[in-house]
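A short write-up of the structure that comes next.
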Amino acid sequence: MFWDNVLFASKMGNHLYANSIFNWTIPNSFDPGHPPFLGFLLAIFWKILGHKLWVSHLLIFFFNFGFFIQLYKFISYFINKNSLRFFAFLIVIIDPTLSTAFVLVNPEIIILFFFLLAVNGILYKNLKCKFIGLFFLSIITFRSMMLFGGLLLFDVLNAILLEKKKIKAILNLKYIQFYFFASLPGVAFVVWRLTTKGWLQTHPDSPWASLWHFADFYTFIKNCAVLVWRYVDFGRVFIIVFILYSFIVFGKKIVKKQKNKQLFLLAITSVIFVIVTVLMATNAFGHRYFIISFSCLTLFAFLLISQFYQHKKIIYTFLFLGLITGNLWIYPKEISQGWDATLAHLPYHSLRLSAIDFLNEKDINIEEVATFFPNINSIDAIDFTGDKRSFSKFNGKNKYVFYATVYNLSNEELKILKNNYTILKQFNNFNINITIYIRK
C-alpha cells in the first residue's frame, strides 16, 4: 500500500473486514468522510480469498481489465481505423499518472472504469451502461460524485450544443428521474452521514481539519498555478504545447469536426466541479484528480496528429517518448512531488523492506525510529505481514530517522536532518534512495 491508499484501502478496509462489511461508520480518528467503497470491495475479497496483499492487487487487476475494455471502446468511438486505435490506446495508457493507477491498490482505477462505462453509455446511446456507470460513480468517493456532476454537464451540453437538441427535449421528467435514481447511492450516503455523524468530510478533531478552509486570494492564485503544473507535469507538457500549437495553426478546422468538439468538451466538463473545488480550498490536490481529463487531452492530441499533420509517425513518437520520460522527472527534494502519480516511486517498496531488515538486524527498535508520510503507519497496514510495529512521528529530537526520496518534507525538516543528523545507512535503486539517520 502506498500514499493515502494506506488509508482508503488498508485502514478502512481492515475496519470493515474486522467488524462488518456493512459497518460503514469509520472511527473518527481516521475517517476521511469519503464512502469506504474501496475498503468494502477489499473486505469482500479478503473474506473470500484471505487477508493478503496479493488479493488486494487481484481486485485492482479486474478493474484494470474492465478499464482497458471500456477505454478501447471509448477510443473506437472517435477513431474508425483499427490500426490507429491501437496506437491511440497505447499513448493514452502510458501517461505516467494513469499507468501508476494500474499498479497501486487505489480507488482511481475503479472510478475510471465506471466513468468510462457511463460516458460510453452516453456516446453509444446505451442507457443501461450509462445508468450502471453513474450509479456506482455516485458512491466511490466525493470526487467520483463530482465526476458524476461533470458527466451530467457533458450530457446536457453535448445534446444542446453539439447534437442541436432543444432544452425541453432533454431536461424532461424522464431525464431528471434517470439521473436522480442513478445518484441515489451517493445521496443516501450523504444523508446517512449527516444524520449519524453530523459532518461530511471534516470535524474539529479531524486529522485533516486544518487543511480544509476556503482559499484567500493568494491561495487561489497559487492553486491556479499548481493546477497548470499538474496538467503539464510528468511529460504532459509536450501534449499540452502540441495542442496549443495546433489550435494556433489550424484554428477553426479543428472545431469543425463534431467528435473533436465532443472530446475536448469532455476533457473540460468532466473535471469542472473538481477544479472549482480544489481552486477554492486550501487543501493540496493531486495529479490523479484529473486523470480522465489527461486521457481525453492525450486522445485529442492523437486525433490532431491523424487529421492535420503529414509527419505523423515522427510527432507521435516524440509525444509518446515525452510521456514515458515523465516517469523520470525527479524534482529537487525541496519541491514536493506527486509520487503516487508516477512510476518513479516503484523502487521505493523494495528499498523500504531492505531498510526495515537493516533496522531489525541492528536491533534498532522501530518504534523509536521517526519517519514521515506515508510511512507513519503500522508495518502491517502497508505490507500485510502481520507486523503491528509502527514508526514514530518526526519531532526533530528522535535518535533515528527513516527518510526516503518519496517523502515530501518541509524545508525546515530538511534543514534539521542536514544539521542535526548523520547518515547511518543508505539504500539506493535508480533515482530513489532511503536513508537511515542517527542523531549527532
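Each residue, glycine too, has its Cβ placed from N, Cα and C.
Database features, via TrEMBL:
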- 54-74: transmembrane segment (TRANSMEM)
- 86-119: transmembrane segment (TRANSMEM)
- 131-154: transmembrane segment (TRANSMEM)
- 175-194: transmembrane segment (TRANSMEM)
- 234-251: transmembrane segment (TRANSMEM)
- 263-281: transmembrane segment (TRANSMEM)
- 287-305: transmembrane segment (TRANSMEM)
- 314-331: transmembrane segment (TRANSMEM)
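Between the transmembrane segment (86-119) and the transmembrane segment (287-305), three or more CB pairs separated by 6 or more residues in sequence fall under 8 Å, so the two stretches touch. With a cut-off of 8 Å between Cβ atoms, the residues of this chain six or more beyond the transmembrane segment (175-194) that come close are 24, 33, 35, 127, 131, 134-136, 138-139, 145, 148, 152, 200. Within the same chain, the transmembrane segment (234-251) packs against the transmembrane segment (314-331): three or more Cβ pairs sit under 8 Å, each pair at least 6 residues apart.
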